[in-house]
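Taken verbatim from TrEMBL:
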ACT_SITE  HIS83  active site, proton donor
BINDING   HIS83, ASN84, GLY85, ILE86, HIS87, ASP124, ASP240, GLN291  AMP binding site
BINDING   HIS87, HIS123, ASP124, ASP240  Zn(2+) 1 binding site
BINDING   ASP124  Zn(2+) 2 binding site
DOMAIN    1-313  domain 'PDEase'
Amino acid sequence: MQDVMPKLNSAAEVELQNLLQSVSLWNFDVFRVHIVSGENALCYIGQHLLGGSPCQALNIKRNVLVNFLLEIQRGYISTNPYHNGIHAADVMQTVHYFLIQPELAPFLRPLDYALSLIAASVHDFMHDGFNNSFHISTASEIALRYNDHAVLENYHVAQSFLVMKNADLNVLGQLAPDDFKYARDMIIQMVLATDMAKHFEDVALFKTNILSAALDKNAVLVKDVGDKKLLLKMILHTCDVSNPAKERETMLRWTDRVAKEFFIQGDMEKQLGLPVSPFMDRDTIVLKKMQVGRLQTTHDQGRYPRPGNSAAT
């Protein structure tokens, strides 16, 4: 396969490069990147973040990275209001924001950075816009395949590794055996951690193992590989549900997209005679209440500092 990164006209190329200069900011404009890049935000952001030292850590050539990103981007369903390539690009950029914070640098190898961004890029790969509960209730093929356990998350990561069976797309193909084993396990565990069914368990473990150390100036933040895995899992999970913490305009755009996708599922549940899932009945839900409900479920407000619109130093 050849490097077939989509080409842009000169004006778009200039604007895109200017936008990418702010990729380390909390309120990075992923929607504008999506438009300027010809709806290729995941490819361009991924190439920008992974194209230098991360490629060296993976021991791959640039064309392998680009072809992988293009294939992953194709697997996202663009007609999904929320679970699409823009969301994947947004999560990847937000993971980058956290990973470059100076408090984490001593504990992460370049390989860890690369694996975290790869996990972010694939974390909703081939998502069909319906959640785990819907798949389980309808006994879908993937629910049966994964025995009703982390149905979508298992599907996303398994399909991603099937993509990497092609040597031209295998961003892990040049790793030494031990590093490949580490990389595969890390990506799998990070993607599986985006299952909301694991939210409270993982948050409790994070508070016990990581947050307590962060609040103790004499403690080591990351003591071993287990702590590192927990930290990276929590970073991806946090970034996956981070859009309510973005600036107001961005937050409202994501809220509208979430609502549209929820309502599509709610409509389908009505058609199938199933109970309508929480927040998914377009005839009864109030968007403000839906957003509050999401925040109450996923965010422990007041305990953690809100990120500022600044890059790491």
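Numbers here mean position along the shown chain, with the first residue as 1.
A Cβ is built for glycine as well, from the same backbone N, Cα and C atoms used for every other residue.
Taking the features listed in TrEMBL, we show where each one sits on the structure.
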residue	record	contacts (Cβ under 8 Å, 6+ apart)
HIS83	active site, proton donor	TYR76, ILE77, ASP124, HIS127, GLY129, GLU261
ASN84	AMP binding site	TYR76, ILE77, SER78
GLY85	AMP binding site	HIS34, GLU39, ALA41, LEU42, GLN73, TYR76, SER78
ILE86	AMP binding site	VAL30, PHE31, HIS34, ALA41, LEU42
HIS87	AMP binding site	TYR76, ASP124
HIS123	Zn(2+) 1 binding site	ALA88, VAL91, GLU153, HIS156, VAL157, MET190, VAL191, THR194, LEU236, ASP240
Using DSSP and collapsing to three states, where does ASP124 (AMP binding site) fall: helix, strand or coil? coil
So how many other Cβ atoms are close to ASP124 (AMP binding site), meaning within 10 Å of its Cβ? 26
The number of other Cβ atoms within 10 Å of the Cβ of ASP240 (AMP binding site), counted over all protein chains shown, is 22
Not counting HIS87, HIS123, ASP124, ASP240, residues with a CB within 8 A of the CB centroid of the Zn(2+) 1 site are HIS83, ALA88, VAL91, ALA120, HIS127, THR194
Over the span of the domain 'PDEase' (1-313), how high is the average pLDDT in this prediction? 91
